[in-house]
Structures are given as C-alpha cells and as structure tokens.
Amino acid sequence: MSTWANLGLQDSASPLMEQLIFFHDHAFMLFFNNYVNRFLLHGQRLLYLLDEINEPSVTLKSIGHQWYWSYEYSDFNNIEFDSYMIPTNELSTDGFRLLDVDNRIVLPMNSQIRILVTAADVIHSWTVPALGVKVDGTPGRLNQTNFFINRPGLFYGQCSEICGANHSFMPIVIESVPVNYFIKWISSNNSSLDDWKQVLVS
Amino acid sequence: MSAYKLETAPFDPRFPNQNVTRYCYQSYIDFHRCQKKRGEDFAPCNYFQKVYKSMCPNAWVEKWDDQRESGTFPGRI
C-alpha cells in the first residue's frame, strides 16, 4: 500500500534514470511549494532524452512465461536460459525473499543495451526500477527499449503485468559486470546458466 | 563477430519505434529471399541472418523454419 514512506525512487544505475529522479524530486518539491509549473521545460527535455537514438552493442531478448522469464543472447553464440525465482524455503539466509533468481541476466556496464521483450502465453511486463525500464511483453509482439548501466552491481525488478497465480513470483535480476568479464562469460557459458536449457551453437 | 568487440543488429530507421516485430520478420524473410535468389554461398546475405538471429526470439525462428519445411510458411519467399 502506498504511504508517505515510499516517496523516493530507487538509486539510479542509468544516466536516464538519474535524470528521471532529478525531475521527480524537483517536481515534488515545487508541487509542495505551490509554484507555477516551471518544470514543464525540464520535463520536455527529459522526454526528448528518452527518445534518443543510440547504437546498442548488445541485444538481449526476454520472453515472459507463466511464471518465469527466459533470456536469449543471440549476437554471438546462442545462449538461452530460464530464470526462476528461488523459492523462500530454498533461500539462503542472505538472499532477498521473492527477488532472487537461479540464473541472473549478466550484462556489460557502460554499454548501450537493447532489450527486446515478448511473451509466450499471456501479457507480462519486464521492469527494473533502478534503470528506469518498464516494457510490456505481449505474445506475438516484440517491444524494444534501450538502456545504459553506469555501475556494476545487482539490480532487481518484478513482473509488472498481472499474469496469473504466480505473477508476484517471477522477478528479474541483472548482474552488471565490466565488459571484459561479460565477454569472458559469453564465450565460456559458465555455471550461471541453467544446465539442461543451455544451447550452444558455435 | 570477434570475441573482443560487442556488436549487434544496428538501429534501422525503417523501424524507429518501440514495436520492432516487423524488423525481426522482415530480416528473416529478406535472408531467405536473398538465399533463394543468390544461392546459399552468397556471403552478403549473411547480414540479414545476423540481424534476424539477434532480433527474433528463437521460438519464432524455429516455428518459421518448420513452416518453411512443411510448405506452410505464410510469407512470400
């Protein structure tokens, strides 16, 4: 339930999200000061920034299923894996309940990333608040968005479109690593991939 | 496709918006038309293949490949 306790946004991990946070906090402050909408121009700048065309260096496909996400990296060798939430009874004591997954998405930091979201059955929505990304995945449609991660770390999100019984239990976790680590991971297809689902085409 | 440089399907101004379903489908069709017209060994056709492999979900590609094999693919190749 929304209360005054959750007014703020998560720390940003993307330059666009940083701008969104500035706008949000600025607008909030002015709203409570009863000033005229001086931030209209600010908002327009942000809208244009969000529509910038940029050349991605990696494409990640994310397919929503009931009730897990599957990811495909097909730019080099064909890596695919499923990402299920870790059930609470199997969670380690330092794990995040309802947020941790078995296989995380590994992405390079400081690179423009294109993500294509679709779904296999019903409508899902792929979101990571720290990056300012929310994209619906609809069966038969491929939605594209771009983002840029400017620091390493783990970023969490949850499915944002009601999709059945376990809609609240199909989270998203991005592990952002330096580019050379990412290249090493891609070429060696290491243990963070779901074993039986791993497909290698050289 | 070297191990040291990350590259992927480029921005295509024919598909500037969020819905890039057609970019995937068009690249798939263009690759197979190119192959049919120029032969399997014609290297420039591989550009389309790289694009559709990057853009299209593998399940869609498998489904279309099966349809082409069985002669039920709805597009014109």
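Note: Cβ is positioned from N, Cα and C throughout, glycine not excepted.
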If you follow TrEMBL, the disulfide involving B:CYS34 connects it to which of the following: B:CYS45, B:CYS56?
B:CYS45
Which of the disulfide-bonded residues B:CYS24, B:CYS34, B:CYS45 have a Cβ lying under 8 Å from any Cβ of chain A?
B:CYS24
For B:CYS24 (disulfide bond), the number of neighbouring Cβ atoms whose distance to its own Cβ is within 10 Å equals 25
Counting only residues 6+ away in sequence within the same chain, which have a CB under 8 Å from the CB of B:CYS34 (disulfide bond)?
B:PHE42, B:PRO44, B:CYS45, B:PHE48
